[in-house]
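One structure below.
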Amino acid sequence: MAHDTVHPAPAPATPARVLLPQILPALVVGVAASLLFVGVSALAGKLQNVLWQDLPDALGIGRYSVLWMIIMLTCTGVLVGLIVWKVPGHAGPDPATLGLGGAPPLAPAVLPGLLLATGLMLAGGPSLGPENPIIASNIALAYWLGRRFVPRLPGGLWIALAEAATIGALFGTPVAAALLLSEALAGQQAKGPLWDSVFAPLVAAGAGAITTTLVAHPTLDLGLPPLARPGWTDVLAAMVVAAAAAALGMVAVYAFPYVHGAFLRLRHPMVALPAGGLVLGLLAALGGHLTLFKGLDEVGDLAKDPDGWSAGQFLTMAVVKLAALLVAASCGFRGGRIFPSVFIGAAFGLFAHALVSAVPRPSVSPRACWGCFSPSPGRAG
């Protein structure tokens, strides 16, 4: 006896009258999230110029001398430690225990300390980017203001809008937001078509990306020579280099809980953060000043003269930057791990080219960036 297979009926599409009112809130959140990111980055950049150019010049000390790097990174640890210890909200939870998003919204009172700690970190030289604290701040602001002024929209929507908007602003494109949104929704039971869930967040991501592009004119173009028609050897080289970069990143992933646990045993932020800053200063002395900061500007410096360093120097910078990322993410500095991973991957790709000149730079550098970014240190515990 034949049995007809019963297929569940597809979920009905959300009416346009439900989706269209979400456009204006998405645009507002996208623009605001971008402006917060650009504003914090601009202020941190001005402070960085004072700390690393004006001040050492006035004191007659080399801008990136070993002594100045150790002093600056240790002092940055002291200042951020004071904020974590004394400022209301303690600059938010330990970032080593959090991912890129998904945590409950922070209380608005936490944000001044978090943003101050982030700005000092960006200017002072630790190897972290702004992404995690900026996402957390935008989520908190969007959730609090959205629930206050537009209470008819669900709180979860404000969180999704802020997270997507900030990711779009950080990378200058909504594509990364689309990938993260689809990944986050994959494990949830869909209440309707996927498009209905990502529509408003993608609008916010697009608005954030456009605002950042118009205001700050960012670029991830490394200025590498164009890749000629790729062949099978290029595919093989890209696969090998990406796998090797991922393996390097996995070393940090496995070491992350142990390093974080070691700093936790110091118990007090005024001990852990200065100690972390001192270690970062020593690492900078080993790897050079290009291993400081979040890494995006420094990637451009590498790409300007890729033949100016040997394979050993590129590998040293990649390993030191990875160690600095591991320490900075473990000791309590408020920051993200994506931007430094881009530097690590670029340095590793250029190392591969310097080691085997037949390996084309335009082919392996982006693959190494992706290979190193994919397993970048995440949550501990």
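Using N, Cα and C of the backbone, Cβ positions are placed for all residues, glycine too.
Bear in mind that TrEMBL entries carry predicted annotations, made automatically and left uncurated.
Listed in TrEMBL for this protein:
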- 23-45: transmembrane segment (TRANSMEM)
- 66-85: transmembrane segment (TRANSMEM)
- 156-182: transmembrane segment (TRANSMEM)
- 194-216: transmembrane segment (TRANSMEM)
- 236-259: transmembrane segment (TRANSMEM)
- 271-292: transmembrane segment (TRANSMEM)
- 312-331: transmembrane segment (TRANSMEM)
- 338-356: transmembrane segment (TRANSMEM)
Between the transmembrane segment (271-292) and the stretches 66-85, 156-182, 312-331, 338-356, the largest tally of CB pairs under 8 Å belongs to 66-85
With the cut-off at Cβ under 8 Å and a gap of six or more residues from its ends, the chain residues touching the transmembrane segment (194-216) are 13-14, 19, 22-23, 25-27, 29-31, 33-35, 37-38, 41-42, 157, 160-174, 177-178, 181-182, 185
Given the cut-off of 8 Å on Cβ pairs that are 6 or more apart in sequence, determine whether the transmembrane segment (236-259) and the transmembrane segment (156-182) share at least 3 such pairs.
-> no
Could you check if the transmembrane segment (23-45) is in contact with the transmembrane segment (156-182), meaning 3+ Cβ pairs under 8 Å among residue pairs at least 6 apart in sequence?
-> yes
Long-range Cβ contacts under 8 Å made by the transmembrane segment (66-85), restricted to residues 6 or more beyond its ends, are 51-52, 56, 91, 113, 116-117, 120-121, 123-126, 268-278, 280-282, 284-285, 289, 292, 331-334
